[in-house]
Amino acid sequence: MAKRSIFRFADEKGLKVAARYGVLMSTSFIFALLFHSSVADVNTLWSPGPESAFDAAETYYTLVAGSHFIVKYTVYTIMGLNMIFHLIQATGAKGDDKLFFYSSTLLYLTALILFIVNVAPSMLVVKLQNYVQFPRNMHLSVLAASHVLVEFLLAGVILIQLGYVFGYHVQSIQQREYAEDMREQELAEKAKLESESATTQSVETVSTESVSKRK
């Protein structure tokens, strides 16, 4: 019995394909969110501007940290789903797939830990304006640097996933071409055998007729 379309990802291979696209989409979403903070980070880390630049960055992160709880839970849910997708990919990986899936999982796990341990608490400190460990300007610069590190790790995840997809498609094309070549060879050999068989039968028929005429 054929599977219905809604259950086309029910088998192991289909589940891993769905997880691969889930990793790509969720990682790209998180990367885009963090990259948006560059509007504030560029003037606090890469080219530190006047005091007004740090005031603007503080206002920006205060607004981000004070986002509606639905927005926060949505982002955290996507982060959690990304980890689940990675685990689905890595489970039962064999051969060269281990290198791709384990590396991607390690990079994302590192980025997730860095975000939970450093980025999220730092934004909360900005919201509360409770600068204890560092002065305000230094704190904002460290927060910007943490954002950059997380973005680099997520970019690595995206590149690994895209590299695997590219390699998978190239391998599929090569396997399809190899299968077509083998099919053509089999057809050629079959035609050759049929031709030889027909020639043999023709020779035997001629020989039989010659013997009959002699008799």
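Backbone N, Cα and C define each Cβ position, glycine as well.
Annotated features in Swiss-Prot:
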TOPO_DOM  1-21  topological domain 'Cytoplasmic'
TRANSMEM  22-42  transmembrane segment
TOPO_DOM  43-67  topological domain 'Extracellular'
TRANSMEM  68-88  transmembrane segment
TOPO_DOM  89-105  topological domain 'Cytoplasmic'
TRANSMEM  106-126  transmembrane segment
TOPO_DOM  127-147  topological domain 'Extracellular'
TRANSMEM  148-168  transmembrane segment
TOPO_DOM  169-215  topological domain 'Cytoplasmic'
REGION    190-215  region 'Disordered'
COMPBIAS  196-215  compositional bias 'Low complexity'
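On the 0 to 100 pLDDT scale, the topological domain 'Cytoplasmic' (1-21) averages 67 in this prediction.
Note: the topological domain 'Extracellular' (43-67) comprises 19 helix, 0 strand, 6 coil (DSSP; helix = H, G, I, strand = E, B). Residue counts for the topological domain 'Extracellular' (127-147) by DSSP state, with H, G and I taken as helix and E and B as strand, are 14 helix, 0 strand, 7 coil.
Broken down by DSSP into helix, strand and coil, the topological domain 'Cytoplasmic' (89-105) contains 11 helix, 0 strand, 6 coil.
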